[in-house]
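This report concerns only the one structure given below.
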Amino acid sequence: MAKDVEGAEGFAARDYEDPPPTPFFDAEELTKWSLYRAVIAEFVATLLFLYVTVLTVIGYKISSDTKAGGDECGGVGILGISWAFGGMIFILVYCTAGISGGHINPAVTFGLFLARKVSLIRAVLYMVAQCLGAICGVGFVKAFQSSYYVRYGGGANSLADGYSTGTGLAAEIIGTFVLVYTVFSATDPKRNARDSHVPVLAPLPIGFAVFMVHLATIPITGTGINPARSFGAAVIFNESKPWNDHWIFWVGPFIGAAIAAFYHQFVLRASGSKSLGSFRSAANV
């Protein structure tokens, strides 16, 4: 609930009360078309995300492969790959935010679930749709560029040579924390109530967070921070190295998302105690 109040300097400001936490389990949600429309939106958005970004990765490797006549300094480079990932998130969050919330990432969905922003049913269906969309997106890349796809690694995530498992896991935890913390901050309903421009700008910082994290972690893990992205590429590429390292790209992002949810809800916002109380109430029902 928002209401106008007189500020210290006579300007109109908005007071705001947090909405109640989303029910932990809401069976009635399964009867609503809006849920399935949102699930479809998550599927399509993740498909498009993987299709464009994996194509970008493979295109860069083709252009920079000196053995195949490429230029070592050719292609878009790490900077261009980072822009592809961040730019696609910016576009797709902007397109789907009003339908599904524009998660496009199981780690984001998990963090919002822990903060009681989405129900268990919606969270599970979103994650399934995201993983299926990722598989289909990478599948299209392989179908259209089969020989290049296999030759250049299929855009699959794995730990780079010279880095320990702990380093890779830490990179995924911190990278996902940056992303999910940005999601919470950019979509904070209290900020939205006070600054009317914030909902319009929300996709921009989210996309930029993805861009910055890719710049930092591509040399380490290829940058996961999105379990669906890593899962889809691993399924279609289906080689031992990505599968051996695959747990890092689920455990790391989920830990990072959980820390971001706790930090935003319990440290930065007083609403955290309400969410915790709602969990306890649900458990006692």
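Just so you know, glycine gets a Cβ as well, placed from its N, Cα and C.
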Where TrEMBL places region 'Disordered' among the ranges 1-20, 61-80, 181-200, 221-240: 1-20
Selected stretch (most C-beta pairs under 8 A with the transmembrane segment (80-102)) from 123-143, 163-186, 198-220, 247-268: 198-220
